[in-house]
Amino acid sequence: MASQAAANGSLANEKAPETVGVGRYVEMEQDGDSSTVKSRLSGLLWHGGSAYDSWFSCASNQVAQVLLTLPYSFSQLGMVSGILFQLFYGLMGSWTAYLISILYVEYRTRKEREKADFRNHVIQWFEVLDGLLGKHWRNVGLVFNCTFLLFGSVIQLIACASNIYYINDKLDKRTWTYIFGACCATTVFIPSFHNYRIWSFLGLVMTTYTAWYLAIASLIHGQVDGVKHSGPTKMVLYFTGATNILYTFGGHAVTVEIMHAMWRPQKFKAIYLLATLYVLTLTLPSAASVYWAFGDELLTHSNALALLPRTAFRDAAVVLMLVHQFITFGFACTPLYFVWEKLVGLHDCRSLCKRAAARLPVVVPIWFLAIIFPFFGPINSAVGSLLVSFTVYIIPALAHMITFRSATARENAVEPPPRLVGRWTGTYIINAFVVAWVLVVGFGFGGWASMTNFVRQINTFGLFTKCYQCPPPPPLAFPGGLSNITMPFAGGHPPAAAPAPAHSLHHHHRHHSHGL
């Protein structure tokens, strides 16, 4: 596929014909005979750089484990607000992904005019900010992006442990986190987003199945007895749910890396919007159906799978989501691998084994943080308000406004805004609105609400909790009952206390109350 990448490779366009033949994109591939069966199979499953590959990567990465927490958000927001926020943040996320793609094309075209060669170098968001706006923007972008991706990877490990527990509860969730941390560490062997072709496709198939399972299973199950849909009831819960949805459609922190894996990155402009429209066909029916069926019970069950009865279909959904979370872990962690490689000077190394070994230290802090903060659901909202708000909404909008603030920059722009959004004036107004809204609602109110809820989880369950939101074990049963057990007591008389009634594990699994 190296020859195909070279044939399709330049980012040059009609406005910059002098860039033809410069910076042809052949990212870390080995040259070989494309006519062999091995090469063809590798091209089919491994080497992806088309617009379709990019669409699968965006859609697969966008929904991920958040699919299981959106019903929880609906219970906090209420049905109407939940639907409206999904539509609103889906559109806003698509807009800022478009801005990131424009800034990437602008940066890469300028560098290619300077005869830069990116064949063995993956461009990242902080480098785009550095090339267009300077080192201070680079540092801010690097800190926010890396921290977000770090916690995004943490969330995937937490989700793995939370999901597998509903198939096998013989091990607690913390133990499952240890196991899946080791499994996800194998992503160090995937060189780049160029090599996620089959994984992106399978990931989207898996989330599509899970989304429609949640919707259909909830409708078949019907509403539970005495179901209540009281949300929204508290501002803390309302803005916590809103920031979780902000996080849902803020999965474009890896946009630059996905674009760089394309043979023709300039085709990316509408891909994220099309991916978002497909994702909405999954998230809206599933979240609305689960909330309709279970109502306020979701307030104490941040993972929607916890409320549905165990069947072969639910087990299949759990297994598919586990595989998909492994894929999404790779999506979130690969940019961190690139940053670390550049730091230690191995980014241009051709040896996959050396690069894999160098990447392993990145996994350790992710593993550790997943064990400290296993709060599935609340951590999504905290990450959304404090990190996603800046990383993929505020910083791209501000960067676009400042990059093209001068008349000269606007006249020489590689990709001017379309007439549909009002050219430069309309773009400036939209960007200003995004910055103001996300700063006040997402970071301000959302940060207050999500951190209040997050601290409540710590106070209720504690750090390093062994099994977050797990049903309590059933009481031990003694042959002949408790009356046949003789134990010494001070004064010769046992204390007067009635034993608690023994409930079945299934009952606790469905109705046990946990902290918000």
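Cβ coordinates come from backbone N, Cα and C, glycine included.
Since this is a predicted model, take the numbers as computed values, not measurements.
Pulled from TrEMBL, these are the features on record:
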DOMAIN    47-437  domain 'Amino acid transporter transmembrane'
TRANSMEM  83-105  transmembrane segment
TRANSMEM  142-164  transmembrane segment
TRANSMEM  176-194  transmembrane segment
TRANSMEM  201-224  transmembrane segment
TRANSMEM  236-259  transmembrane segment
TRANSMEM  271-294  transmembrane segment
TRANSMEM  316-340  transmembrane segment
TRANSMEM  360-377  transmembrane segment
TRANSMEM  383-404  transmembrane segment
TRANSMEM  425-449  transmembrane segment
REGION    495-516  region 'Disordered'
COMPBIAS  504-516  compositional bias 'Basic residues'
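Contact between the transmembrane segment (83-105) and the transmembrane segment (236-259) is supported by 3 or more Cβ pairs under 8 Å, counting only residues 6 or more apart in sequence. Relative to the transmembrane segment (383-404), the listed stretch 425-449 leads the set 142-164, 236-259, 425-449 in CB pairs under 8 A. Contact between the transmembrane segment (201-224) and the transmembrane segment (425-449) is not supported: fewer than 3 Cβ pairs lie under 8 Å, counting only residues 6 or more apart in sequence.
Listed by sequence, the residues of this chain that lie at least six past the ends of the transmembrane segment (316-340) yet keep a Cβ under 8 A from its Cβ atoms are 57, 60-61, 64-65, 67-68, 122, 124, 126, 142, 145-146, 149-150, 152-153, 156-157, 159-160, 163-164, 166-167, 180, 183-184, 187-188, 190, 192-193, 196, 199-200, 202-203, 206-207, 209-210, 213-214, 253-254, 257, 305, 347, 355, 358-359, 361-363, 366. Relative to the transmembrane segment (236-259), the listed stretch 425-449 leads the set 142-164, 176-194, 425-449 in CB pairs under 8 A.
Listed by sequence, the residues of this chain that lie at least six past the ends of the transmembrane segment (142-164) yet keep a Cβ under 8 A from its Cβ atoms are 64-65, 68, 124-126, 173-174, 176-177, 180-181, 184, 253-254, 303, 305, 318, 321-322, 325-326, 328-329, 332-333, 335-336, 339, 365-367, 369-370, 373-376, 379-380, 383, 387-388, 390-392, 395, 468. Sequence-distant contacts of the transmembrane segment (176-194) (same chain, at least 6 residues past either end, Cβ-Cβ under 8 Å): 27-29, 47-49, 57, 122, 153, 156-158, 160-161, 164-165, 254, 257-258, 260-261, 322, 326, 329-331, 333-334, 337-338, 352, 355-357, 359-360, 362-363, 366-367, 370-371, 374.
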